[in-house]
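J.: Sharing a structure with you now.
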Amino acid sequence: MIKLNIDGSEIEVSEGSTVYQACTQAGKEIPHFCYHERLKIAGNCRMCLVEMEKSPKPIASCAMPVSNGMVIHTDTPMVKKAREGVMEFLLINHPLDCPICDQGGECDLQDQAFRYGKGTNRFHENKRSIKDKYMGPLIKTAMTRCIQCTRCIRFANDIAGIEEMGAIHRGEHMEVTSYLEQTLDSEMSGNMIDICPVGALNSKPYAFKARKWELKHTASIGVHDAEGSNIRIDSRGDEVMRILPRVNEEINEEWLSDKNRFSYDGLKYQRLDLPYIRKNGKLVEASWSEALKTIADKIKSVKPEKIAAIAGSLVSVEAMFMLKTLLQKLGSNNYSVNQFDYKFDTTQRGNYLFNTTIAGVEKADLCLLIGANLRQIAPVLNSRIGQRVRAGSLKVARIGEGHNQTYRIQDLGSDIKIIEELAIGTHEFTKALKAAKYPMIIVGDGVYARDDGYAILSLIHKIVAEYNIMRDDFQGFNMLHNHASIVGGLDIGFNTPIKLEELELTYLLGADELPFDKLKSAFIIYQGHHGDSGAANADVILPAAAYTEQSGIYVNLEGRPQIAEKAVAPVGVAKEDIEIIKELAGSLKIDIGMDNLQEVRVRLAKEYKIFANIDKIVESKFAKFSFKDKLSKEPITMGPINYYMTDVISKNSVTMAKCVEAKEKRNERAA
């Protein structure tokens, strides 16, 4: 520990800390622009100047390491004058257009100019003006406002892992740019908007829509992937205006993927706001009572074993649990969250979880990806791994034909024989597995989406056992899920095998990705919020609330249950999922023993201990899985993935459609 004096108080800080960090620990407010605790130090802005005894001039506290016996002053006349001077220089070329700037009201420059500036301007010459840059459909630029803090450049290099931002020219003529002025290639580019301390980088979809003080803030969870990123929904009235990240050190830190951030406009289009019944081959509007009576009459006429429920990728645990309870009361045990027919082993909970945990990857020293496209399936997790790789603390290898990653990776090939050789110890890479202290394996849909997925998974379990990858001090076996509802559904047993061709009645709870040709003879009920393929094939449509319009629990890929709170009201006469299921049970004269959300959660917590520990990870058991089957000769591939359109909300997002178009144009230029 290092001892130093700050404004007359003795404090101790860790060796390697900066003066800025020491001052912050001592409770001192130090203004800054370029410094960010998650980025490398740049020392560009000089706003963090403090006085150090025996130094003839102020020092940049963000770049100065602490040493024993230092005496620091943060509020002397010298410091005040230095900060006033720095602020005056920063404002020389700034346009001072706060009334029309989207950053107004939440701008670091605005706040610090008011707190530390002089209040008068001595500069009367012409200001510098810079042409705005094109960075794609997500980021709107106003580069005349840029103060060259280089946060965006450092984020692109250090966090996103794609070196596509930089500075050109020098001095007053310096410009921050994306070089070729084309769409940014990162799936996390929106975070540059958050870390920009001025209004140089703004959200293009949110431009000129609202001011911060007009918005209601609601804590929620990102549902467009299985990471469980913590988000804040900003709404005005019943409209979602924007989505921002919330800090959660164990999951997303303070970052957010572009799909979770920008796809919210999909909530406005193709919404189901009325019940519908198919009559004479056409869907016609109906009342709630008429729709529920039609369903109840049909259910009574069908044998229980011919009834099944299938949940989609955006469904909450409470909705699945309530529907499961209803089906069991009817005498049916056919229900599944697995609309893609993924090959999951549910022998033990640890067999289908990301056991290392998202934060735990920082302990690993070797990572083997098998059929896993981390960059597009889990961008935030991919960023964590990339930072470790660039720091030289982690080596990553891959089995499977895949997409470009944002870090150096050893490509082992895509042949199934590689996994077989690893299982028996004859492959060259086994040396690395044996030498690693904390090896981890990540299994993606390139494995569990295959017909021979169980057989491959059995081989992977042999590798796990052979190299002691699952042990008390480090659990290195991980399943990489790609949908928000899957882990929660598996946790409550909403995963029984279903033969679609034999069904006479199918209840689709937000499920749109089924092979509907296998359901031609079935009566289809669709409960959901968007008019997609599920609604198009339905005989009865029940309009439901989206994730922003109801409260629900989602379990992320590491097994952590989290609550997404209700931000706005449902559209039209749409209702919340559990309310619809409760009313349907009433129409069937069935008592499912749960009348509201609180009662559902109490029952969940009693039956499954993980739901008594919200926001926490409960220790899960792991068991070796063995399955004998013929292996396909097909190579392991991740397949083409349209990152921006993976569910009914993102598919109906105009912003996501623009991203797809912009990415295609970028790829054409690259070709």
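Cβ coordinates are placed from backbone N, Cα and C, and glycine is handled just like the others.
Marked as [2Fe-2S] cluster binding site by Swiss-Prot on the basis of similarity to another entry: C34, C45, C48, C62. Sequence annotations record features per position, and here Swiss-Prot assigns [4Fe-4S] cluster 1 binding site to H94, C98, C101, C107 based on sequence analysis. Look at Swiss-Prot and you will find C146, C149, C152, C196 tagged as [4Fe-4S] cluster 2 binding site. Among the features that Swiss-Prot reports, domain '2Fe-2S ferredoxin-type' is placed at 1-78, with the record citing sequence analysis. The feature domain '4Fe-4S His(Cys)3-ligated-type' is assigned by Swiss-Prot to 78-117, with sequence analysis given as support. The feature domain '4Fe-4S Mo/W bis-MGD-type' is assigned by Swiss-Prot to 215-271.
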J.: So among H94, C101, C146, all listed as binding-site residues, which is physically nearest to C45 ([2Fe-2S] cluster binding site)? Use the C-alpha atoms.
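T.: Going through H94, C101, C146 one by one, the Cα closest to that of C45 ([2Fe-2S] cluster binding site) is C146.
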J.: For the domain '4Fe-4S His(Cys)3-ligated-type' (78-117), provide the mean pLDDT of the predicted model.
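T.: Residues in the domain '4Fe-4S His(Cys)3-ligated-type' (78-117) carry a mean pLDDT of 94 in this prediction.
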J.: If the [4Fe-4S] cluster 1 site is taken as the center of the Cβ atoms of H94, C98, C101, C107, which further residues of that chain fall within 8 Å of it by their Cβ?
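T.: Going along the sequence, the neighbours come out as P95, L96, D97, Q103, G104, L109, Q110, R145, V198, G199.
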J.: Inside 10 Å of the Cβ of C107 ([4Fe-4S] cluster 1 binding site), count up the other Cβ atoms and send me the figure.
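T.: Excluding its own Cβ, the number within 10 Å is 19.
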J.: Taking only the Cα atoms, work out how far C146 ([4Fe-4S] cluster 2 binding site) lies from C101 ([4Fe-4S] cluster 1 binding site), in Å, as a whole number.
T.: 13
J.: Far apart in sequence but close in space: which same-chain residues, 6 or more away, have a Cβ under 8 Å from H94 ([4Fe-4S] cluster 1 binding site)?
T.: L109, K127, T144, R145, I147, V198
J.: According to DSSP, how is the domain '2Fe-2S ferredoxin-type' (1-78) divided among helix, strand and coil residues?
T.: 9 helix, 21 strand, 48 coil
J.: Can you tell me the CA-to-CA distance separating C196 ([4Fe-4S] cluster 2 binding site) and C101 ([4Fe-4S] cluster 1 binding site), as a whole number of Å?
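T.: So the Cα of C101 ([4Fe-4S] cluster 1 binding site) lies 13 Å away from that of C196 ([4Fe-4S] cluster 2 binding site).
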J.: Which of the binding-site residues C98, C101, C107, C152 has its Cα closest in space to the Cα of C34 ([2Fe-2S] cluster binding site)?
T.: C152
J.: Can you tell which of the binding-site residues C48, C62, C149, C152 lies nearest to C98 ([4Fe-4S] cluster 1 binding site) in space, using Cα positions?
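T.: Nearest by Cα distance to C98 ([4Fe-4S] cluster 1 binding site): C149.
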J.: Give the number of CB atoms, excluding that of C101 ([4Fe-4S] cluster 1 binding site) itself, located within 10 Å of its CB.
T.: 20
J.: Quick one: Cα separation, C152 ([4Fe-4S] cluster 2 binding site) versus C107 ([4Fe-4S] cluster 1 binding site), in Å?
T.: 16
J.: For C48 ([2Fe-2S] cluster binding site) and C149 ([4Fe-4S] cluster 2 binding site), determine the Cα separation and express it in whole Å.
T.: 13
